[in-house]
Each structure stands twice: as structure tokens, then as C-alpha cells.
Amino acid sequence: QVESLKAKVLEQAQEISRLRSELGGTDAEKHRDLLAAENERLRQEMKACEGELRELRRQQQAPCWDCPHLQENAGLQEQLSQLQREAEETRAKLVELDLEVQQKTNRLAEVELRLKDSLAERAEEEERLSRRLRDSQETIASLKSQPQQIKYIIKTVEVESAKAKQALCETQSRNQYLQEQVGMQRQVLKEMEQQLQSSQKTEAQLRAQIMLYEAELERAHGQMLEEMQEMEEEKNRAIEEAFSRAQVEMKAVHENLAGVRTNLLTLQPALRTLTHDYNSLKRQVRDFPLLLQETLRSARAEISQAIEEVHSTNRELLRKYRRELQLRKKCHNELVRLKGNIRVFGRVRPITKEDGEGPEATNAVTFDTDDDAVLHLLHKGKQVSFELDKVFPPQASQEEVFQEVQALVTSCIDGYNVCIFAYGQTGAGKTYTMEGTAANPGINQRALQLLFSEVRSKAADWDYAITVSAAEIYNESLRDLLGKEPQEKLEIKLCPDGSGQLYVPGLTEFRVQSVEDINKVFEFGHVKRVTECTNLNEHSSRSHALLIITVRGLDRSTGLRTTGKLNLVDLAGSERVGRSGAEGSRLREAQHINKSLSALGDVIYALRSRQGHVPFRNSKLTYLLQDSLSGDSKTLMMVQVSPAEKNTSETLCSLKFAERVRSVELGPVSRKAELASWPSQEQLEGDLPGSAATPGRGHTSHSSGQLSSRAASIRRKLQTSG
């Protein structure tokens with residue numbers, strides 16, 4: 001700021017010198033005012049700089065001699081003092097310029113006074129000359145009246161005086177001028193005489209025309225009199241004809257009047273009848289408002305009663321419709337269970353600040369008020385409807401979502417394989433639905449809590465062991481999230497027991513017995529999962545996460561063993577590279593994610609069209625989900641969609657894929673239960689990993705026949721229940 005002020009002062013000094021050399025007194029006054037204003041502005045800026053310097057000095061708490069800002073401050077102070085000196089010099093120059101302007105103003109006033117004096121003298125001189133001219137004219141006039149004396153005087157003047165000779169020359173020139181003026185006046189007079197002659201000719205022509213007009217007027221007057229006489233005669237003839245026609249018409253009127261009188265005599269009874277009817281109508285009109293009010297009152301009552309009946313009928317119909325809808329859904333769910341269809345739930349996340357503002361962030365998804373399984377999507381001005389098994393609006397809580405899936409979770413305890421996976425575009429809320437937050441957990445943690453609750457309720461008859469494994473598929477590589485070496489790649493293989501089931505050798509399993517164990521496992525696995533920031537999602541999952549929960553149960557009374565597996569899958573979101581802005585490793589991750597999801601779509605298409613070959617091995621994801629998609633599992637797909645207008649294309653693709661998945665029939669689900677030979681108490685305790693012996697339980701001796709008969713009855717029960 002100090003440097004800029006210094007530059008401005010130098011510019012003002014140059015401007016002052018230029019103005020001093022070029023401008024006059026009046027321009028100097030104008031620029032003096034401008035320079036004074038500019039100087040005042042510079043003073044204000046200088047005061048502001050001084051105030052900032054004082055503020056900096058006041059804020060300085062302790063001296064820092066080694067600080068480079070101290071030297072800079074000293075330099076700025078020196079520049080400020082120099083600038084102040086230059087400003088003082090500028091002020092002195094401005095004072096000198098003011099004095100010079102004042103002097104020029106004084107000189108201008110003196111010049112104006114001199115000009116006024118010269119103008120006055122000029123006016124006096126003109127007055128004097130005009131007097132002399134008049135005197136000369138009088139002298140010329142007198143000289144003209146005495147010509148002989150003038151000749152004599154002229155000769156005498158020529159002889160006597162040179163001064164008189166000069167005056168005589170002036171008089172002669174004046175006389176010549178006057179003669180020229182007289183000639184000009186004579187010429188003007190001649191022109192006026194010519195104009196007078198032309199005017200006289202025009203006047204004669206006009207008089208002749210006036211005479212013609214008067215003759216024409218007299219002729220027209222005669223014709224008018226003749227026409228008026230003819231019209232008078234025609235008027236008289238018309239009056240006579242009208243009078244005769246009027247007499248004829250009057251006679252006809254009299255005849256009609258006589259007929260009218262006869263009709264009046266006959267119409268008097270009818271008139272009396274009409275009068276009586278009129279009076280009765282008048283009374284009815286007078287009583288009409290009361291009748292109208294009474295009629296309206298009764299009509300309102302009838303209409304209200306009818307409306308109430310319609311409302312009650314509508315309520316009854318609505319109640320029946322809802323009951324039938326519940327029955328239909330119940331039957332549909334039972335049909336889905338019998339057919340083995342994949343159940344599909346839809347969840348719409350709310351609009352967030354990441355969606356932005358404006359028309360692209362408007363809500364494009366609406367819901368059916370009467371059917372909670374239908375949603376409507378507005379795409380490119382057209383409304384598209386989709387029917388799923390259940391649709392959750394944005395205001396649905398995590399608890400409401402879990403209530404719909406907890407029946408599937410509990411069937412895991414009974415020995416069924418269950419798979420729940422979340423599908424949708426990136427940023428649609430899949431991880432939130434499956435994992436949730438610490439304060440509001442998702443399906444994963446709630447499922448384990450429900451399993452623990454069910455295990456505790458059956459602890460009197462059953463012994464259960466719950467183990468948890470966590471893995472992710474990152475760039476088509478299967479990695480263990482709970483292992484010591486998460487970067488180690490694992491392989492998927494068939495079980496050697498010949499059951500056809502798949503397993504992952506080397507996958508770490510943790511046995512969990514409480515909610516605290518669950519939280520530790522989730523924290524440990526969540527830290528190792530790959531997430532990155534993209535343009536579409538701040539915490540985008542870059543891998544498919546799988547939480548495998550295995551529940552092994554043993555009925556202590558019958559020796560029945562059950563093994564159920566619950567697969568909770570959080571798929572990575574599909575994304576368009578152009579919108580997500582993925583580059584480098586993010587681009588490679590997106591390509592692998594889209595490839596695996598495309599392979600999942602191929603598997604769903606093959607299952608839906610009942611092809612002989614289903615390409616499960618085209619991707620690690622589909623290969624790992626083969627048990628869940630091949631008819632030996634209860635499978636639920638949670639499709640997550642975004643309601644924002646800018647994401648309608650991805651939402652449309654997700655919902656179409658969900659409808660295709662919903663139509664896939666996997667067949668009836670089998671229960672994983674086996675009945676071994678009747679075990680002893682020690683064998684029951686040793687078969688379950690980590691199970692402790694129950695104190696106080698004795699052994700009862702039975703014969704082999706009793707044991708075999710009991711085992712056969714248990715087998716029959718299992719066959720009927722299975």
C-alpha cells in the first residue's frame with residue numbers, strides 16, 4: 001500500500017507540472033479542485049495505513065529482534081516517512097499553485113475592468129461620430145439649397161485650408177452614398193409601380209369572374225324557384241292521396257273496433273278465471289320460500305344420509321380390500337416360498353445435500369398409497385411403475401426394514417441357508433442398509449443380535465455355536481477381512497465330502513458369543529475394507545463385502561444336528577465412469593465392479609430363462625453366491641435406489657434388474673439336518689466347539705430296541721417336517 005501511495009503521489013506531481021504548463025487560469029481552478037479532492041483521498045488512505053501500522057505495533061506483544069518482519073517493518077516505516085515528506089512537498093506545490101491561480105484570477109478581473117472601460121469609450125466614440133454624421137447631413141442639405149454659394153465656398157475651402165478640404169471630401173463621399181441610396185429607392189419605386197400594374201390587371205380579371213358568378217347565381221335561383229313550385233304541387237297531391245287512404249283505413253278500424261268490443265264481451269268470463277288463477281299463483285309464490293326451504297332441508301337430510309351410507313360402504317370396501325390385499329400378499333409370499341423365488345425388497349433413500357440443488361435434485365420417485373409393494377419412477381417425462389415384494393419409503397427406519405427380513409434370519413437357526421444381498425448404484429445406501437451406524441445399526445448387526453436372542457430362548461433344549469467370517473472381493477480377488485494377512489488371495493473350492501457345497505479354504509472364522517464380540521468383529525473387518533472417495537460418493541465401497549454367519553445346532557434330547565448359513569452381502573455399487581470421475585486405480589476398480597455385476601446379470605438371465613448352463617464361474621462374486629442362487633437357499637435381494645432426478649437412468653436399470661430377479665424360480669429349499677446315532681452326553685458336548693458340559697445331567701440306560709425305535713420315530717418326524 002505504501003508503494004502504491006508513493007506511485008500515486010508521483011503521478012499527481014507530474015499532473016500538476018503538466019497542468020501548470022498547459023492550462024490557463026480557469027482550467028487551473030478546475031484542476032485545482034480535482035487535485036485537492038485527490039489529495040484528500042490520499043490523505044485518508046495514508047491515515048488508514050498509519051492506523052494499520054499503529055494496530056500492528058499495538059498487537060506486537062514482545063520484541064523479536066531476529067524476526068524478518070521487524071526489518072520489513074523498519075523499511076516500511078522509512079518508506080512511510082519518505083512518503084510523508086513527498087506528501088508535504090506536494091502540499092507546498094499545491095499552495096504555490098493556489099497562489100498562482102489567485103494571481104491569474106486577479107489579472108483576469110483587471111482585464112475585464114479594462115474591457116468594460118474600452119467598451120464605454122467605444123460607445124462614446126460611436127455617439128460622437130453619429131452626431132458628426134447628423135451635422136454633416138444638415139450641412140449637405142443646407143448646401144444643396146444654396147448651390148452658388150457652395151461652389152464659391154468649395155473653391156474658397158480649397159484655397160484656404162487643407163482641413164476644410166478633407167471635410168469637403170468626406171461630405172462629397174457622403175453625398176455620393178446618399179445619391180446611391182436615392183437611386184436604389186427609385187428602383188424600388190419602379191418595381192412597386194410594376195407590382196401595382198399587375199395588381200390592377202388581377203383586379204380586372206377578378207371583377208369579370210365575379211360578374212360571371214353573379215349571372216350563374218341568378219340562373220340557379222330561377223331553377224330553384226321552379227323546383228320548389230313543383231315540389232309544392234307534389235306535396236299537395238300526396239296529402240290528398242294520404243287523406244283518402246286514411247279515410248279508408250279509419251273505416252276499417254271502426255269495423256275492427258266493433259269486432260273487438262264483441263270479443264271483449266265474450267272474454268270477460270275468461271278474464272275473471274285468469275284473475276282467480278293469478279291470485280292463487282300469487283299465494284303459491286308467497287308460500288314458495290317456505291316450501292323451498294322445507295324441500296331443501298329434506299333433500300339435504302337425504303343426501304347426507306346417502307353420503308354417510310356411501311362413506312360407510314367405502315370404508316367397508318377399503319377394509320375388505322386391505323384384508324384381501326394382506327391375504328393376497330400372504331398367499332403370494334407362500335407361493336414364493338413354495339416356488340423358491342428370490343424375494344425382492346426396494347428401499348428409496350432420502351434426498352441429501354450431496355445431490356445438490358435445482359431441477360436435478362428433485363424427487364422423481366412416488367409411492368402407491370394403497371399398495372406398499374408398488375413404486376412409480378418419472379423418467380424423461382414418462383411414469384414407469386414397478387411391483388416388488390415390498391417397498392420402503394425414505395422415512396422408513398432400520399428397525400422397520402429388519403422386521404421384514406427377520407423371519408429369514410431366524411430360519412437360519414432351523415438349518416436353512418439364507419442369503420441377503422444389497423444391490424444398487426453407488427451412493428444409493430447399500431452399506432447403510434447392511435451395516436448402518438453405531439447408533440443405528442443395519443441388518444448385519446441386528447441379525448446377529450436376533451440370533452443370540454433366539455439361541456438364548458432355546459438354550460434349554462439346544463446347544464448352538466455361531467461363527468462369523470468376513471471376506472471381500474476386490475478386483476476379482478477374494479480376501480479375508482478377519483485374517484492376519486488381508487492381502488492374501490483365497491480360492492473357492494468344492495467341499496471334499498461330495499455334497500457339492502462350496503467353501504473357502506483358509507477363511508478365518510471367529511466364534512461369537514455376545515454383542516461385544518460382534519462389535520469387535522465388525523470394527524476389525526470394517527477397517528480393512530477398501531473404500532475411496534469419488535464424485536458420486538464420498539465413501540464409495542470399492543469391493544463386494546460378504547459376512548458369512550454359520551449356526552450349528554444340536555438337540556440334546558434327540559441328537560438332531562442342524563447347520564444353517566446366513567450370507568449377508570454388500571455389493572459394490574455400479575457406476576458410470578464419466579460421472580464418478582474414476583482414474584487410475586479407481587478406474588480399474590470400477591471396471592472390475594461393473595464386470596462382476598454384469599456377470600451377476602448374466603446368471604440371473606440364465607436362471608430366469610431356465611438355461612441348461614448357468615455361468616456362475618464367470619466371476620468370483622457369482623461363483624461365491626452359487627449356493628444362494630442355485631435353489632438351496634432362501635434368498636432376498638434389497639435393491640437400493642436414489643430418488644434424485646439426475647440418477648433416474650441408474651434407478652431405472654436397478655428396478656428393471658430387480659423385476660428380473662423377482663421372476664427367477666429357484667425351487668423348494670431343503671433343510672440341512674441330520675440324525676446321527678444316539679449320542680452320549682459327553683459326545684453331545686464334544687461335538688459342539690466350545691460347548692461346556694452341563695452339570696447335574698445324568699445318563700439314562702436304554703435298551704438297543706428302545707433306542708432304535710425312538711430313532712425311527714424321530715426320522716419319520718423329520719421326513720414329514722422336511
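Residue numbering: from 1, along the chain as shown.
Quick reminder: no glycine exception, Cβ is built from N, Cα and C everywhere.
Per TrEMBL, the features are as follows:
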- 2-146: coiled coil (COILED)
- 189-245: coiled coil (COILED)
- 341-664: domain 'Kinesin motor' (DOMAIN)
- Gly424, Gln425, Thr426, Gly427, Ala428, Gly429, Lys430, Thr431: ATP binding site (BINDING)
- 675-722: region 'Disordered' (REGION)
- 701-711: compositional bias 'Polar residues' (COMPBIAS)
- 713-722: compositional bias 'Basic residues' (COMPBIAS)
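A C-beta separation below 8 Å, combined with a sequence spacing of at least six in one chain, links Gly429 (ATP binding site) to Arg347, Arg349, Gln640. There are 24 other CB atoms within 10 A of the CB of Thr431 (ATP binding site), with all protein chains counted. Over all protein chains present, the Cβ of Gly424 (ATP binding site) has 28 other Cβ atoms lying within 10 Å. Summarising model confidence by region, the coiled coil (189-245) averages a pLDDT of 84.
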